[in-house]
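Reviewing the structure listed below.
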Amino acid sequence: TKKMSEILKAEDIDKALNTFKEAGSFDHHKFFNLVGLKGKPDDTLKEVFGILDQDKSGYIEEEELKFVLKGFAAGGRELTANETKALLKAGDQDGDDKIGVDEFTNLVKAA
């Protein structure tokens, strides 16, 4: 499995994480842009999804979403409950309370 820093620039990851280091400040639109995901090909987005899908279930569940920033770098903070729910709501198009790979790529593209 690749590391996030092999897919995206380390300085972009750091900048994005620093921008949202305050609890409650997370905005997935801005984050995906800052971190350099916007405009990346589907294959790259799928690799990123694979890193964030910690249990390799094919979905990012709410519990994993909480750690989404840590997926980009170990120093990332945990999302608050409200931030996690907002991200889930934004990404979950079919209402199954988790984000599949296609939902994830759509979420990034909509950012």
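Here the Cβ of each residue, glycine as well, is placed from N, Cα and C on the backbone.
Copied from Swiss-Prot, the annotated features are:
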type    : residues                     : note
BINDING : D53, D55, S57, Y59, E61, E64 : Ca(2+) 1 binding site
BINDING : D92, D94, D96, K98, E103     : Ca(2+) 2 binding site
DOMAIN  : 40-75                        : domain 'EF-hand 1'
DOMAIN  : 79-111                       : domain 'EF-hand 2'
MOD_RES : T1                           : N-acetylthreonine
List only the single closest residue to E61 (Ca(2+) 1 binding site), chosen from the binding-site residues D92, D94, D96, K98, E103 by CA-CA distance.
K98
Give the distance between the Cα atoms of D94 (Ca(2+) 2 binding site) and Y59 (Ca(2+) 1 binding site), rounded to the nearest whole Å.
12
Measuring Cα to Cα, how far is K98 (Ca(2+) 2 binding site) from D53 (Ca(2+) 1 binding site) in Å?
11
Report, in whole Å, the straight Cα-to-Cα distance of D53 (Ca(2+) 1 binding site) from E103 (Ca(2+) 2 binding site).
13
What whole-number Å value do you get for the CA-CA distance of S57 (Ca(2+) 1 binding site) and D96 (Ca(2+) 2 binding site)?
14
What other residues of this chain sit with their CB within 8 A of the center of the CB atoms of D92, D94, D96, K98, E103, the recorded Ca(2+) 2 site?
Y59, G91, Q93, G95, D97, I99, G100
For Ca(2+) 1, what surrounds D53, D55, S57, Y59, E61, E64 with a Cβ no more than 8 Å from their Cβ centroid?
Q54, K56, G58, I60, E63, K98
Counting Cβ atoms within 10 Å across all protein chains shown, which of the binding-site residues D55, E61, D92, D94, D96 comes out on top?
D92
Secondary structure at E64 (Ca(2+) 1 binding site), reduced by DSSP to three states:
helix
